[in-house]
């Protein structure tokens, strides 16, 4: 019964609920409701803290709220935290958390990475992929997607890449897009930054 | 203004829905109409690329539905025709990010400002399709002269009828007249008979489509493109003009060429 989608485990602090990341969110939600219904009044008596393990699934605020509401139906339960185990990305400094995120893969169309600090990508960023950082963005490969550096308004943020051929660049609240007739980019690393209220691109030297 | 809304759909993938939307939309704009194209293929958007507008996208349909921006902020004006706008799909989300009810509201709002609202449907019959047909007045079904595509088109027409959208129009795409004449390709009359719908256009196979798609310039704007000419005729038919089908035109033209000894 490994593929059931929803597994309850006990530990010292309370109960860990593992939600499979292989299933659609709605399916997992239904299974969770079923499981809780099956449990009857088992959870009703005392206060039990719940940790929800999500695997690689990412939830938006709406979905988190939906899950929390499901647990709320049982008076004894309260959700402590949501835990993501995304082994594709690893924090270089897990202690500070928001320093620099190192991504060791190529980002393909539709993939999106956002982080509170800087982002370094060891790989390329293809058209249709987006990278959003509150700090700087460095791409050690070809950059052809959308990047937003200084996403919370830091105008000092920069975006650099071995080959900078973006669809769109955003730094703080500035946006620039690629020209319609693509110029061939130089065979040289480049950096984008804000100068006189415009995003400009220069050779990366220093 | 009280515009008309269309969905361009097919069931089967790869038959040319997005190309059709881009060309008909551009054609109608060229005819002076106010047109908005909606890419309903959330997660696998293409219409922006075919129109050459990818680099202008800041907000998309999911942002509108979720209230992250106003509708006007997400509408992208075409490079060539200021009366043509695109509402792009989101690429980093999936079809569940929008609900049919929200699409219906969106369609109503857009129909007030535009003559034509044209929705590019994703392939398939699931949620994305349900979103794409929500609130539309009419449907255009695209197929190619292949048994599999016609089978899917038939299924789609049935589903449209079940949703109360009857009288779908048919576009037969990627037709090779030389093969049809030799009997190697499905006959157009046969397809129309099987599907029992009105024919809106026959689009010949055309290498120019590949070039125009890659350049982000719809073929309807390319004079020498046969497919572009056929899409132009479709746009005029939608506008109510009587334009003969290309199959007849080509037959005539071929004779004409023979007469003068070209080939």
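Cβ coordinates come from backbone N, Cα and C, glycine included.
Database features (TrEMBL):
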| type | residues | note |
| --- | --- | --- |
| BINDING | B:12, B:13, B:14, B:15, B:16, B:17, B:18, B:19 | ATP binding site |
| DOMAIN | B:7-218 | domain 'CobQ/CobB/MinD/ParA nucleotide binding' |
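Location within the structure of each feature annotated in TrEMBL.
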{"residue": "B:12", "record": "ATP binding site", "Cβ contacts under 8 Å, 6 or more apart": "B:123, B:143, B:148, B:149, B:152, B:153"}
{"residue": "B:13", "record": "ATP binding site", "Cβ contacts under 8 Å, 6 or more apart": "B:123, B:124"}
{"residue": "B:14", "record": "ATP binding site", "Cβ contacts under 8 Å, 6 or more apart": "B:123"}
{"residue": "B:15", "record": "ATP binding site", "Cβ contacts under 8 Å, 6 or more apart": "B:142, B:143, B:144, B:149, B:173, B:174"}
{"residue": "B:16", "record": "ATP binding site", "Cβ contacts under 8 Å, 6 or more apart": "B:10, B:142, B:144, B:173, B:174, B:203, B:209"}
{"residue": "B:17", "record": "ATP binding site", "Cβ contacts under 8 Å, 6 or more apart": "B:8, B:9, B:10, B:120, B:121, B:123, B:142"}
{"residue": "B:18", "record": "ATP binding site", "Cβ contacts under 8 Å, 6 or more apart": "B:41, B:46, B:47, B:50, B:120"}
{"residue": "B:19", "record": "ATP binding site", "Cβ contacts under 8 Å, 6 or more apart": "B:50, B:173, B:209, B:213, B:218, B:219"}
Using an 8 Å cut-off from the Cβ centroid of B:12, B:13, B:14, B:15, B:16, B:17, B:18, B:19, can you name the remaining same-chain residues around the ATP site, in sequence order?
B:10, B:20, B:123, B:142, B:173
Where residue B:14 (ATP binding site) falls in three-state DSSP terms
coil
